[in-house]
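Q: One structure, pasted below without further comment.
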2 protein chains.
Amino acid sequence: MRRLDSRQSDFDLELKRLTEWDDALDREVDAAVAEILRDVRQRGDQAVLDYTARFDRLPAASMAELEVSEERLDAALAAISPAQRSALEQAAERVRSYHQHQRQESWFYHDELGNRLGQKVSPLERAGVYVPGGKASYPSSVLMNTLPAKVAGVAEVIMVVPAPDGELSDMVLAAARIAGVDRVFTIGGAQAVAALAYGTETVPAVDKIVGPGNIYVATAKRQVFGRVGIDMIAGPSEILVICDGGTDPDWVAMDLFSQAEHDENAQSLLLCPDAAYLDRVAESIERLLPTMERQAIIRASLSARGAMILTRDLDEAVAISNRLAPEHLELSVQDPEALLPAVQHAGAIFMGPYTTETLGDYCAGPNHVLPTSATARFSSPLGVYDFQKRSSVIYCSEQGVQSLGRIASELARGEQLSAHARSAEMRLIED
Amino acid sequence: MRRLDSRQSDFDLELKRLTEWDDALDREVDAAVAEILRDVRQRGDQAVLDYTARFDRLPAASMAELEVSEERLDAALAAISPAQRSALEQAAERVRSYHQHQRQESWFYHDELGNRLGQKVSPLERAGVYVPGGKASYPSSVLMNTLPAKVAGVAEVIMVVPAPDGELSDMVLAAARIAGVDRVFTIGGAQAVAALAYGTETVPAVDKIVGPGNIYVATAKRQVFGRVGIDMIAGPSEILVICDGGTDPDWVAMDLFSQAEHDENAQSLLLCPDAAYLDRVAESIERLLPTMERQAIIRASLSARGAMILTRDLDEAVAISNRLAPEHLELSVQDPEALLPAVQHAGAIFMGPYTTETLGDYCAGPNHVLPTSATARFSSPLGVYDFQKRSSVIYCSEQGVQSLGRIASELARGEQLSAHARSAEMRLIED
């Protein structure tokens, strides 16, 4: 794992090189996806069936055959182990409970002219959740993407999950059952995104599509953005650990591994003002790495994109973290509250040595869908607020319009919009 | 203006045809914009200067020359009429005051295990506001796009406004001064969006870009989305008026005009259960239209995209409105409160005969940047919440990790993520 020192003269440049991630658009994928979207929009179910037979080797005579029945969901719930079921149920309960705090309510007030102003907050009607299929099965993603929609009051959540060669994970289906997904279709790829965005004879059009996927899914989401809402398009996962040197170095090493094991582009950074401590973590890494199941991926990720950074002090570590706006930030220090006010940009902040990121990934309560690639500068964890929208409400009294109408008329005339001006002026009582 | 009847057999199809708006991507514009973005990213200031000289016929030796000085802003404020200045100031004060209600605060709670959970809410650091230039000068847009950012606490708001042939509107500059814009550059088009997204030697990179623009600006915003945040990409403006037949038909006619005068693609719809009243509005339209300054645009818009729709009753009118999710919805009825609970999707709702949309466009308080083309199904008026973002905060106690760690470990093992599992297991105290 590479070592950097914030005092080295080329530090800024080295850090920039290390952390840069350019999600360049692939023109070929872009064109292929555009064609699939167009086709599904025109031919509906039949196009989705054709692509599913071709890409997932899952032939079906009708879309109805690709809908997962309630009985199948119940069977999945019965098929997993009691320990797995209990873990899923407890995680769901905690995630639901945390997200309740995010619900926004309508608000209204009267101004001094007797006008009533406010915003009506209401849930989306229908949401689509994309769940990757095949070998990589992530039941936790089902919970994290579905529960905020349910807490928001979304009436219908439609989940799509590809089943290549018919392979479907019981854990994923059980999670869908526990989270309260309303309908599940075993379709995937750009064709599933198209079906959700435009609707087909069988798949209802949704208002927003969330959930991770491969480059075809991400490109399709980007293309349908505007027609429907989407969550952010995720880059590789990242963790930045700030440590004061007081945490068991094995814990920190394992926390870095847990990010690195996702994939070779994942990024694990450790910032600490104590050089001797960095040596101890390096020893832990060397000792623990050979014991890891995903050793090859972890090694590749740490060597390509990982780093230990010696900082002047903890304040500088926080300043560097703010520059990177990491997806996951662990404050593995004795007094994390002292550092929190200075943290400006991060997807999720894990406070103190006990709070390993893993707890947030599964069951602490907060969402694990977080802004990557420095987008925490302007975006937020997936939440209930992503499944609610607002309508402004304006009621002007007869008295109110007398003063507001004059202001509006003056400004509308200044913009050469005379119909605007006259619609206000008509409501004025002549003096 | 076309007439429809909700009882006619082909009503659904006719309504769909009338209201459909397909914002098809223009491949040529897309490629041209991609090239401008690439160029500005590589060559910075010099590329922006080149495009500005070419497209806006505004040659300059350096970007500093294209920055508007504080003195120039003050001069603009002094140059407009006292009535205009007062109207801008009163509008700004009302918009600011309304938007204060949208500020979101950080929140925290302790769960039963002694864990502390919550979200830290903080403002974006820097926002960019695009303001169209040249003949169409909209000072109200400056207020509506800037003030939510300022109320959110954004430290620096950068405005860009093209000055073709050096032409700049005093009203726009005065509005910038009143709204508290921090820096103004006279650049526009895709090159201005690129400068804001990537930063140049002179223009600082921002975290989010908002504001309306032509197809080059919209396409550029779509392409930089992900690197920075953007507001929605707006389609043509729409109004849907639901009337019970009790409002002065001249008022309703003028409200329809005020939408139609924006451009020929704007859409004005009137829904009413009283056929005789629709006749009266038609008479008002015929009588008033020849008196309008923008008669040609209004006529083109009403004839291409306008309609009066006879409904069975007011409830059906609301149901149709929900299907269309209009940008502006006027409930021009005696008892608008009775209809409000049934309204599901609308950008802004104008209650009662006195509340003409114009008041909301300029000075009632709510934002006039609203979701168009049925995107009110999943998105909201521009607001303070668009300039704030959230970081999840998780503090797990030693006691908390004992139970959460076991759940997380079970689920991580189910996902074959053993580093995740072990990072939790390491924190458990052996029984």
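Placement of Cβ uses the backbone N, Cα and C atoms for every residue, glycine included.
Among the features that TrEMBL reports, NAD(+) binding site is placed at A:Y130, A:Q191, A:N214. Taken from TrEMBL, the feature substrate binding site covers A:S237, A:Q259, A:H262, A:H328, A:D361, A:E415, A:H420. The Zn(2+) binding site annotation in TrEMBL covers A:Q259, A:H262, A:D361, A:H420. Per TrEMBL, active site, proton acceptor is recorded for A:E327, A:H328.
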Q: What span in Å does the substrate site cover, taken as the longest CA to CA distance among A:S237, A:Q259, A:H262, A:H328, A:D361, A:E415, A:H420?
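A: Largest Cα to Cα distance for the substrate-binding set is 56 Å.
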Q: At a CB cut-off of under 8 A, do any of the recorded positions A:Y130, A:Q191, A:S237, A:E327, A:H328 come close to chain B? List them or say none.
A: none
Q: On a simple 10 Å Cβ count over all chains shown, which one of the binding-site residues A:H262, A:H328, A:H420 is most densely packed?
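A: Counting every other Cβ within 10 Å of each candidate, the maximum falls on A:H420.
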Q: Are any of A:Y130, A:Q191, A:N214, A:E327 (the recorded positions) within 10 Å of A:S237 (substrate binding site) when you go C-alpha to C-alpha, and if so which?
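A: Checking each Cα against A:S237 (substrate binding site), the hits are A:E327.
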Q: I'd like to know which of these binding-site residues, A:Q191, A:N214, A:Q259, is least surrounded, judged by other CB atoms within 10 A.
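A: Checked A:Q191, A:N214, A:Q259; of these binding-site residues, fewest Cβ neighbours within 10 Å: A:N214.
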Q: Quick check: in three-state DSSP terms, what is A:H420 (substrate binding site)?
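A: A:H420 (substrate binding site) sits in a helix per DSSP.
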Q: Work through the recorded positions one by one (A:E327, A:D361, A:E415) and point out the residue whose CB has the fewest other CB atoms within 10 angstroms.
A: A:E415
Q: Grab the NAD(+) binding residues from the record (A:Y130, A:Q191, A:N214) and give me their largest CA-CA distance in Å.
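A: Greatest Cα separation within the listed binding residues comes to 13 Å.
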Q: If one measures from the C-alpha of A:D361 (substrate binding site) to the C-alpha of A:Q191 (NAD(+) binding site), what distance in angstrom results, rounded to a whole number?
A: 29
Q: Tally every other Cβ atom lying within 10 Å of the Cβ atom of A:S237 (substrate binding site).
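A: Neighbour count, Cβ to Cβ under the 10 Å cut-off: 25.
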Q: Only counting partners 6 or more residues apart, tell me which same-chain residues put their Cβ under 8 Å from the Cβ of A:Y130 (NAD(+) binding site).
A: A:N145, A:M159, A:V160, A:V161, A:G188, A:A192, A:V193, A:L196, A:I209, A:V210, A:G211, A:P212, A:G213, A:V217, A:K221
Q: What other residues of this chain sit with their CB within 8 A of the center of the CB atoms of A:Y130, A:Q191, A:N214, the recorded NAD(+) site?
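A: Everything else in range on the chain: A:P132, A:V160, A:P162, A:G188, A:G189, A:A190, A:A192, A:V193, A:G213, A:Y216, A:V217, A:A220.
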Q: In Å, rounded, how far does the Cα of A:E415 (substrate binding site) sit from the Cα of A:E327 (active site, proton acceptor)?
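A: Pair distance, Cα basis, whole Å: 44 Å.
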Q: Cα-Cα, whole number of Å: A:N214 (NAD(+) binding site) versus A:Q259 (substrate binding site)?
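A: That separation, Cα to Cα, works out to 18 Å.
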Q: Express the distance between the Cα positions of A:H420 (substrate binding site) and A:E327 (active site, proton acceptor) as a whole number of Å.
A: 46
Q: Specify the secondary structure state of A:Q259 (substrate binding site) as given by DSSP, simplified to three classes.
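A: In the DSSP reduction, A:Q259 (substrate binding site) maps to helix.
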Q: I'm trying to understand the geometry here, so how far is the Cα atom of A:Q191 (NAD(+) binding site) from the Cα atom of A:H262 (substrate binding site), in Å to the nearest whole number?
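A: A:H262 (substrate binding site) has its Cα 26 Å from the Cα of A:Q191 (NAD(+) binding site).
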